[in-house]
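Data block below; observations after.
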Amino acid sequence: MGSEEEGHFGITYRTVLEMDSGEKRLNELGYKQELRREMNLMKTLAITFSCMSVFTGTPLYGQSLRYAGPASLLWGWVVVTFFTWFVGIAMAEICSSFPTTGSLYFWAAHLAGPKWGPFASWCCAWLETIGVISGIGAQAYSGSQALQMIILLSTGTNKGGGYFAPRGVFLCMYMGLTFIWAVLNTFALRVIAFLNIISIWWQVIGGLVVIIMLPLVAQPTQRASYVFTYFQTSPQSTGISSKPYAVILSILLSNYCLYGYDAAAHLTEETKGADRTGPIAILSTIGIVSVFGWFYTLALTFSIQDLEYLYDPNNETAGALVPAQIIYDAFKRRFHSSTGAVVFMCIIWGSFFFCGLSVTTTASRVVYALSRDRGIPFSATWRKVHPRNKVPINAVWLCAAIAMLLGLPILKLDVVFTAIISVSTIGWVGGYAVPIFARMVMAEKHFKPGPFYLGKARRPICLVAFLWICYTCSAFLLPTIYPLRWKTFNYAPVALGVCLTLIMLWWVLDARKWFKGPVRNIDLQNG
């Protein structure tokens, strides 16, 4: 009997020792393990990397180049990367301490303390939700635009009678991509993780092919002095003559590309050793994407043949996507064929496909976590987890449905993409600001550090990160073309203003009475 008890206690003791560090910390925070914890560092890194993507800035490249020329675009990327590291480092420390799927709003609730925690959590949760769901729409639009170019170049180009998808067909592409991502996200997470392992190799190998081959194919290439020092505004086409204003709009490309690394935090309840894996994935992704993205922009700029022709609505790509025209010009002049351009556009389209798939995964986890804490209407429906696949399927389809609705204005407006990426960036990046500010002002004695800890450096790092986030959000609210007209207006301030007003009214009139932030679902005293 005694040996059995020793055996029993021996097994129990060993089980406690072998409990995953992320799960142990999750239990300490008051949550039980519900999702399947099967992700490793490579899989988490793959999904996080896919959420950012090497080619994300492709649709914004032409517009950003026109505002102030190549020098502003390239050196702006370096500046944005520098400040992005402050945000990433601040978030990595918090992620190490709070490895939960709720991530940002969960962090905000705990860091802001019992008095301000519920309100901070509410603001952060809804900013985050708006951002990630809009992010699905941004990737669906980008993927549809790349597909539109593939079809056009494959069928004869705009000059040769090729097929340029009209608004209705473009919307169908948008809807189709969103639907496919939702379907794939209904399978077990290991399916998504496998696809994202393919994604990381697709983007690394495909990125290297485009970055190295494009300047080699393009003959002649631009001079280094043009690429690195040429600065010129284009008031005749943008309506903006102010140089500082033009520079701010020019580097929106970099601001848009260099976020999304919090995807690692949203997957921490499904990741082994998440208190270590999460921070590593966040910082590694920033490093990889910042380097690859800069060299991709460099490759495009060196390969420009005729700057003004890129924007001509009568050119081979109908002036719809400047990078597609740059790639087409390079292959057409060298090989008298558009086949290479189609291949390169397929690589870029694949990047958008994998990115949208990962963003859908991230968005569904945010909605699941918020509904688990009863912070969203009909929470009981959205927090349901598939019994076999352990995936919040209802949350996946809710995100996809809203993203599809966001695409409907495509039928009438040309500025839909500008509005979607602005809302996505402000919501997503704005959500970072709340926990970072709370971490900066909180008393250190109330913070339980994880393996990644900043110590005394946390205040200056958080301050720089917070100020940079405020600047980024403000920049995406600015008008992008003058004079202001209905067809060129930046509707992001209007859309965000309506959403945030309703959310704040809901808080004042009702939610503040019952929403207390993250809801514990485990009783530590009873095991």
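Quick reminder: no glycine exception, Cβ is built from N, Cα and C everywhere.
Per TrEMBL, the feature transmembrane segment maps to 41-62 (among others).
Among the features that TrEMBL reports, transmembrane segment is placed at 74-107 (among others). Beyond the ends of the transmembrane segment (74-107), by six or more residues, the same chain brings 22, 25-26, 29, 31, 35, 121-122, 124-125, 128, 227-228, 247, 250-251, 253-255, 258-259, 261-262, 264-271, 274-276, 278-279, 282-283, 286, 290, 293-294, 297-298, 301, 365-366, 368-370, 372-373, 375, 431-432, 434-436, 438-439, 447-454, 458, 461-462, 464-465, 468-469, 517-518 to within a C-beta distance below 8 angstroms of the stretch.
Residues or ranges marked as transmembrane segment in TrEMBL: 119-141 (among others). A Cβ distance under 8 Å defines the sequence-distant neighbours of the transmembrane segment (119-141), meaning residues of its chain 6+ beyond its ends; these are 59, 102-109, 111-112, 174-175, 177-178, 181, 260, 352, 355-356, 359-360, 362-363, 366-367, 370, 375-376, 399-400, 402-403, 406-407, 410, 416-417, 420-421, 423-431, 434-435, 438, 496, 499-500, 503, 507, 511-512, 515, 517-518.
Annotation comment: TrEMBL describes 161-184 (among others) as transmembrane segment.
Listed as Cβ neighbours of the transmembrane segment (191-218) (distance under 8 Å, sequence separation of 6 or more from its ends, same chain) are residues 38-39, 42-43, 45-47, 49-50, 53-55, 184-185, 292, 295-296, 298-300, 302-303, 305, 326-327, 329-331, 333-335, 340, 344, 347-348, 350-351, 354-355, 357-358, 361. Positions annotated as transmembrane segment by TrEMBL: 191-218 (among others).
Taken from TrEMBL, the feature transmembrane segment applies to 245-268 (among others). Beyond the transmembrane segment (245-268), the same-chain residues lying 6 or more positions past its ends with a Cβ under 8 Å from any Cβ of the stretch are 22, 39, 44-45, 47-48, 51-53, 56-57, 60-61, 64-65, 67-69, 72-73, 76-77, 79-81, 84, 88, 91, 95, 99-101, 103-104, 135, 233, 238, 274-275, 277-279, 281-282, 285-286, 289-290, 293, 297, 358-359, 361-362, 365-366, 369, 421, 425, 428-429, 432, 472, 475-476, 478, 480.
Distant neighbours of the transmembrane segment (280-304): 41, 44-45, 48-49, 52-57, 61, 65, 70, 73-74, 77-78, 81, 84-85, 88-89, 91-92, 95, 203-204, 207, 210-212, 214-215, 217-218, 221-222, 227, 253-254, 257-258, 261-262, 264-265, 310, 323, 326-327, 329-330; these residues of the same chain sit at least 6 beyond its ends, with a Cβ under 8 Å from one of its Cβ atoms. Positions annotated as transmembrane segment by TrEMBL: 280-304 (among others).
The annotation transmembrane segment is assigned in TrEMBL to 341-370 (among others).
The annotation transmembrane segment is assigned in TrEMBL to 391-411 (among others).
The feature transmembrane segment is assigned by TrEMBL to 417-441 (among others). Sequence-distant neighbours of the transmembrane segment (417-441) (same chain, 6+ residues past either end, Cβ-Cβ under 8 Å): 59-60, 87, 90-91, 93-94, 104-105, 107-108, 111-112, 116, 120, 123-124, 127-132, 134-135, 137-138, 141-142, 145, 255-256, 259-260, 262, 406, 409, 447, 458-459, 462-463, 465-466, 469-470, 472-473, 476-477, 480, 490-492, 495-496.
Residues or ranges marked as transmembrane segment in TrEMBL: 461-482 (among others).
Summarising the annotation, TrEMBL assigns transmembrane segment to 488-509 (among others).
Here the transmembrane segment (161-184) touches the transmembrane segment (391-411). Their Cβ atoms form 3 or more pairs under 8 Å, with each pair 6 or more residues apart. Residues 63, 83-84, 86-87, 89-91, 238-240, 245, 248-249, 252, 255, 418, 421-422, 425-426, 429-430, 432-433, 436-437, 439-440, 454, 488-490, 492-493, 496 of the same chain lie 6+ residues outside the transmembrane segment (461-482) yet bring a C-beta within less than 8 angstroms of a C-beta in it. Within the chain carrying the transmembrane segment (341-370), a Cβ under 8 angstroms from the stretch's Cβ atoms is held by residues 47-48, 50-56, 58, 100-103, 105-106, 125, 128-129, 132-133, 135-136, 139-140, 142-143, 146-147, 149-150, 153-154, 177-178, 181-182, 184-185, 189, 192, 195-196, 198-199, 202-203, 206-207, 209-210, 214, 260, 262-263, 266-267, 323-324, 327-328, 330-332, 376, 379, 382-383, 385, 391-392, 395-396, 398-400, 403, all 6 or more beyond its ends.
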